[in-house]
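What TrEMBL says about this one:
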type: DOMAIN; residues: 6-96; note: domain 'Aspartate carbamoyltransferase regulatory subunit N-terminal'
type: DOMAIN; residues: 101-147; note: domain 'Aspartate carbamoyltransferase regulatory subunit C-terminal'
type: BINDING; residues: 108, 113, 136, 139; note: Zn(2+) binding site
Ligand code: CTP
Ligand code: ZN
């Protein structure tokens, strides 16, 4: 696709998060805390995608995601692809991988879990990837995608 046909304008430097399922756009915005950034951000949703039916895309100027941000993204939109843009060119493409362990990102859905009443960093093992299911290291209760709340 040529640049003039892009559905959302090209960016000069920064990160393009592509292939986000359309219904996960706002979850991604929330999990990455994009509302708090001063960077220029453009996004589109319900765009045509051969793989996903409808996809969303987010373009963040002058930002490159940290590892913990990539892990958060993987938890809400495992199909997303990260493109690093420099001088208008795609210099790197990364798939997001759901990590084996998730630490300090997600809340345990068990209200009685120690992580919910003491200052203990949450820790989970990923027991299923799609949909994502996490097992708490402390109480062993499962937290699924539907109940997943970020810290
Ligand atoms: N992009 C952008 N600004 C640029 C270059 C690329 O916003 N200066 C965006 C494109 O719009 C696209 C994504 O970055 O959404 C990846 O670009 P490219 O690899 O050229 O597109 P595709 O080949 O369609 O990527 P894929 O195969 O991952 O869909
Ligand atoms: Zn727990």
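Including glycine, each Cβ sits where the backbone N, Cα and C put it.
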Under a three-state reading of DSSP, tell me whether residue 136 (Zn(2+) binding site) is helix, strand or coil.
strand
Output, ordered by sequence, the same-chain residues six or more apart from residue 136 (Zn(2+) binding site) with a CB under 8 Å from its CB, or 'none'.
108, 110, 113, 115, 122, 123, 124, 142, 143
Its residues classified by DSSP, the domain 'Aspartate carbamoyltransferase regulatory subunit N-terminal' (6-96) shows 23 helix, 39 strand, 29 coil
Beyond the site residues 108, 113, 136, 139: chain residues whose C-beta lies within 8 Å of the centroid, for Zn(2+):
109, 110, 112, 114, 115, 116, 122, 137, 138, 140, 141, 143
Counting each residue once, how many in the domain 'Aspartate carbamoyltransferase regulatory subunit C-terminal' (101-147) are helix, strand and coil under DSSP?
6 helix, 19 strand, 22 coil
Would you find the one among the binding-site residues 108, 113, 139 whose Cβ has the most company, meaning other Cβ atoms within 10 Å?
108
